[in-house]
Amino acid sequence: MAIKTYQAGVKEYRQTYWQPDYVPLDTDILACFKITPQSGVDREEAAAAVAAESSCGTWTTVWTDLLTDLDYYKGRAYRIEDVPGDDARFYAFVAYPIDLFEEGSVVNVFTSLVGNVFGFKAIRALRLEDVRFPIAYVKTCGGPPSGIQVERDKMNKYGRPLLGCTIKPKLGLSAKNYGRAVYECLRGSLDFTKDDENINSQPFMRWRDRFEFVQEATLKAEAETGERKGHYLNVTAPTPEEMYKRAEFAKEIGAPIIMHDYLAGGLCANAGLANWCRNNGMLLHVHRAMHAVLDRNPHHGIHFRVLTKILRLSGGDHLHTGTVVGKLEGDRASTLGWIDLLRESFVPEDRSRGIFFDQDWGSMPGAFAVASGGIHVWHMPALVAIFGDDSVLQFGGGTLGHPWGNAAGAHANRVALEACVQARNEGRQIEKEGREILTAAAQHSPELKIAMETWKEIKFEFDTVDKLDIAHK
């Protein structure tokens, strides 16, 4: 039997952490990094350094390596690939044994995978492109508190996307006027209205006042329309204790859904709130405020598809995903990829959509994809085609900006939505025939006709910053 001996000193990372013959186990957590190495650092050494610094390695040999089974616990860089059209960077694939991570803790996973390694001097830039969570790890996570089907049953809404609106202006309204805006939107045929992500409890509108006026508006709209309605009450707060206090009050007054800013509020807080919602029968809408700080730079940070997976694991029934056609970043292929990761039970590897690994979610429920940001009635055909039924189409300015007011804007969006869904169900190509479909519907809806006239020239035609690397070929 060979005796382990300790040899002090510094050695190349590749000697321990580069293992090209390794075959990943079904239980391994797999990561794909895009690495920009410093000048003079070769690919194998850079990949091995990332594997080491994101698992159990450090800059020098330590004698305590002899007290554990380093060969079992270490991360392994097992494959390197070229980035299409980019000679300065490469993809490194790293496998981590599942026992490196606390069960059900996306916080712990992120602490390793996107921790100190992102400040490592040997790496000029580093981006986490994708992560494969094995089913053995998925089953330790709570996931969405309710999921798509349970929410549809609670709200009694089937066969179409849900329709929402973010109340504007996002800041400055009093609680009473805010409630009035909510009522007008909901009675105009919307399913949901929403707090903006930065509405918490400011001097112009304290949270308790907002909750009370909004719930009064919601119940009044329900009574008048005969439909279930809801408003996403943002319970994001300075402390977890205050967050739960607000959530409890929302439950007491009968609100069906609350909201959380999962990145700004923190993954730990989000997982805790998701558990609370599951135990208390509440729906949880999740906003992605702060995501672009992490994901928009194509060379450094965390890709949004990873943030999508993290949200599904930690818990949320809705997640904002971009629109493709609106004012926010997101190309079509990438967006379709992370929408599937949010909703489907199994998503196969598909490099054309930026998906590097098969992802099996087992029986974990899916979450609604939320399209929000600079959208109006002219976008409806494309939104229905891109997002499908299991989505929330959320028009803020595209509702409240209607010349005849909030209720008319809401009604215009509902007519446009139902016209597009009906046309799709009849087998029509709604993106190609969108103008014809909307024009026909507008003949019976003056609200839609005015909305189409108001926003006919509004487009957001800017180049996408974070493009799929496949598109660089």
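Every residue, even glycine, has its Cβ placed from backbone N, Cα and C.
Note that the structure is predicted; figures quoted are calculated from it, not measured.
Annotation comment: Swiss-Prot describes Asn116, Thr166, Lys170, Arg288, His320, Ser372 as substrate binding site, evidence class sequence analysis. Residues annotated as active site, proton acceptor in Swiss-Prot: Lys168, His287. Per Swiss-Prot, Mg(2+) binding site is recorded for Lys194, Asp196, Glu197. Residues or ranges marked as N6-carboxylysine by Swiss-Prot: Lys194. Feature annotation from Swiss-Prot assigns site 'Transition state stabilizer' to Lys327.
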Neighbours of Lys194, Asp196, Glu197 excl. site residues, C-beta within 8 Å of centre, Mg(2+): Thr166, Ile167, Lys170, Asp195, Asn198, Ile199, Tyr232, Asn234, Met259, His287
Based on Cα coordinates, which of the following recorded positions are within 10 Å of Arg288 (substrate binding site): Lys168, Lys194, Glu197? Glu197
Inter-residue C-alpha distance, His320 (substrate binding site) and Lys168 (active site, proton acceptor) (nearest angstrom): 17
By a three-class reduction of DSSP, Asn116 (substrate binding site) is assigned helix
Return only the integer: C-alpha distance in Å from His287 (active site, proton acceptor) to Asp196 (Mg(2+) binding site). 9
Please name which of the binding-site residues listed here, Lys194, Asp196, Glu197, is nearest in space to Lys170 (substrate binding site), Cα against Cα. Asp196
Maximum Cα-Cα separation in Å among residues Asn116, Thr166, Lys170, Arg288, His320, Ser372, which the record lists as binding substrate: 37
Identify, in sequence order, the residues in the chain of Thr166 (substrate binding site) that are 6 or more apart from it along the sequence and have a CB within less than 8 Å of its CB; answer 'none' if there are none. Thr193, Lys194, Asp195, Asp196, Ser372, Gln394, Gly396
Looking at the binding-site residues Asn116, Ser372, which sits with the largest number of other Cβ atoms within 10 Å of its Cβ? Ser372
